[in-house]
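> I have a structure here, written as structure tokens, and I will follow up with some questions on it.
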Amino acid sequence: MSRLQFQLQTTDGHARRGRLTFPRGTVETPAFMPVGTYGSVKGILPEQIRALGAEIILGNTFHLYLRPGLDVIGDHGGLHGFARWDGPILTDSGGFQVFSLAHRRKITEQGVTFSSPNDGARVFLGPEESMQIQKVLDSDIVMIFDECTPYPATEDVARRSMELSLRWAQRSRQAHDGLGNDAALFGIVQGGVHPDLRSRSLDGLQAIGFDGYAIGGLAVGEPEHERNAMLEHLHPRLPAERPRYLMGVGRPEDLVEGVARGVDMFDCVMPTRNARNGHYFTSFGTVRIRNAKYERDLDTIEPGCGCHACSSGYTRAYLRHLDRCNEMLAPMLGTLHNLWYYEKLMADMRAAIAAGTFVEFRRSFYAARGATTPPLPGESS
């Protein structure tokens, strides 16, 4: 039996306010999970992540398996001890990383053989191997091993990929249970941008039975309207009593639109990666600090922001100077700001859902950016 408990507390339209409870802590939803690919969120300490409001982080099964390897992580009792993070951790299965190595991989019914991006060695990964790795990592949420359907993909290609993922889902479930792992196991809905395939995938996953359901194969190049259409299609079909996780998404707008369509959990490298490239998120849009107009700008990234960078008074001019000099303090401060912004955005959405004012929140979110609020299904533009 899984250690995860999920409580759906209230809804506002399709937006959902809930709580995930694990032995290692609780996670208020909707939630954004900072990504710690190699066991650390780049440029920030674990205690700083917690102070920003994050309650769960994501680790990367694929990369941690290749380096440092399971022996080293096992010596620490798992990923929590290795990374010095005592809260819940979700680990992906390695499926997306295999997808990203298209030119180095060979997919068969058994699994995937690929060349390691580290040293070129041949490596095999299948559902059983992924479940074994995640058992050693001792994550709180384990993801099934699947094939991420590329975009664009014909319906036939997407169907064959989805059917393979379903067979792998069954093997993942059996391997996970066979290991006696009481961590939560999430299924992953595939099917590209084809509604019928998405329905078939979800039906197959529910027949197997999972603790939560992720929506995969999106944020891989498809237009935003197609992504939203898939979320709208799945919302009434997903079990209300299980958490829903939109993988690899995304921009602040994507989070708002995902929540509006019933998503509970998100992850993305965007806030940390963009910080390292001098792009800082604010309520009025993105500050691109390398722009010359910030050379003598005495404002903070966002006046009134409570992050360490803004509350300490670091100016845009100073951050631009650090960035131009390749000083490591620039991405550190930028990461603190961006993750604070993301976590506050999620907290504000949770509060709006609880208060029954999510529609107003969404309008204000776009108005602050000088943008028109996109209509939801059933609304006029």
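Glycine is treated like the rest: Cβ placed from N, Cα and C.
Straight out of Swiss-Prot:
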type: ACT_SITE; residues: Asp92; note: active site, proton acceptor
type: ACT_SITE; residues: Asp267; note: active site, nucleophile
type: BINDING; residues: Asp92, Ser93, Gly94, Gly95, Phe96, Asp146, Gln190, Gly217; note: substrate binding site
type: BINDING; residues: Cys305, Cys307, Cys310, His337; note: Zn(2+) binding site
type: REGION; residues: 248-254; note: region 'RNA binding'
type: REGION; residues: 272-276; note: region 'RNA binding'
> Report, in whole Å, the straight Cα-to-Cα distance of the residue listed as 'active site, nucleophile' from Gly94 (substrate binding site).
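The separation of the Cα atoms works out to 15 Å.
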> For Asp267 (active site, nucleophile), which of the recorded positions Asp92, Gly95, Asp146, Gly217, Cys305 has the nearest Cα in space?
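Closest by Cα distance to Asp267 (active site, nucleophile) among the recorded positions Asp92, Gly95, Asp146, Gly217, Cys305: Asp92.
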> Fill in the CA-CA distance, Cys307 (Zn(2+) binding site) to Gln190 (substrate binding site), as an integer in Å.
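Cα-Cα, rounded: 37 Å.
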> Cβ under 8 Å to the region 'RNA binding' (248-254), counting only same-chain residues 6 or more beyond its ends: which ones?
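96, 218-220, 224, 227, 266-268, 270, 281, 341-342, 345, 365.
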> Provide, as an integer number of angstrom, the distance between the C-alpha atoms of Gly217 (substrate binding site) and Cys310 (Zn(2+) binding site).
36
> Find, among the recorded positions listed as Asp92, Gly94, Phe96, His337, the one whose Cβ has the highest number of other Cβ atoms within 10 Å in the structure shown.
Asp92
> Asp146 (substrate binding site): which of the recorded positions Asp92, Cys305, Cys310 is the nearest Cα neighbour?
Asp92
> Within the same chain, and leaving aside Cys305, Cys307, Cys310, His337, name every residue whose CB is within 8 angstroms of the centroid of the CB atoms belonging to the recorded Zn(2+) site, in sequence order.
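Not counting the recorded site residues, we get Thr300, Ile301, Glu302, Gly306, His308, Ala309, Ser311, Leu336, Trp340, Tyr341.
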> By DSSP assignment, list the helix, strand and coil residue numbers for the region 'RNA binding' (272-276), in that order.
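Output for the region 'RNA binding' (272-276) reads 5 helix, 0 strand, 0 coil.
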> Looking at the binding-site residues Gln190, Cys305, Cys310, His337, whose Cα is closest in space to that of the residue listed as 'active site, proton acceptor'?
Gln190
> Enumerate the residues of the same chain, Asp92, Ser93, Gly94, Gly95, Phe96, Asp146, Gln190, Gly217 excluded, that satisfy the criterion Cβ within 8 A of the mean position of the Cβ atoms of the recorded substrate site; list them in sequence order.
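Neighbours found: Val98, Phe99, Met143, Ile144, Phe145, Glu147, Cys148, Ser165, Ile188, Gly216, Met247.
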> Any idea which of the binding-site residues Cys305, Cys307, Cys310 has the thinnest Cβ neighbourhood at 10 Å?
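Checked Cys305, Cys307, Cys310; of these binding-site residues, fewest Cβ neighbours within 10 Å: Cys305.
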